[in-house]
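**Student:** As annotated in TrEMBL:
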type     : residues : note
COMPBIAS : 1-23     : compositional bias 'Polar residues'
COMPBIAS : 27-38    : compositional bias 'Basic and acidic residues'
COMPBIAS : 71-93    : compositional bias 'Basic and acidic residues'
DOMAIN   : 23-51    : domain 'Small EDRK-rich factor-like N-terminal'
DOMAIN   : 58-80    : domain 'C2H2-type'
REGION   : 1-54     : region 'Disordered'
REGION   : 68-93    : region 'Disordered'
Amino acid sequence: MDDQKSNFQNKTHSLSSNLQNQMARGHQKELARQRNEKNGAGNKPTTQKGTAAAGLTYQCPVCKSQMGDPKTYKQHFESKHPKNELPAELKDV
């Protein structure tokens, strides 16, 4: 009888400690989420497409093609639109 009682007590103790661990982890998870929101971690682009689009800062006024740097923009403009006048922003590049 004592053996059954101790088995039962061991099982209930392990269940209650397991439940406490889950509750503690839930609390930690909530605190981490709040901390990340406060630090602004959720404001960054999360996709490759979003990150790539953020890097394309120059846009050709003729064909609306986007480029990442002024040197590429100038090469594009000279090869694709040779008859058009070079934009002022590219004259000193």
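We count from 1, first residue shown onward.
Quick reminder: no glycine exception, Cβ is built from N, Cα and C everywhere.
TrEMBL does not curate its annotations; it predicts them automatically.
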**Student:** Same-chain Cβ contacts of the region 'Disordered' (68-93) under 8 Å, 6 or more residues past its ends?
**Tutor:** 55-58, 60-62
**Student:** Across the domain 'C2H2-type' (58-80), what does the mean pLDDT come to, as a whole number?
**Tutor:** 94
**Student:** DSSP helix, strand and coil counts for the compositional bias 'Basic and acidic residues' (71-93)?
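**Tutor:** The composition, in the requested order, is 13 helix, 0 strand, 10 coil.
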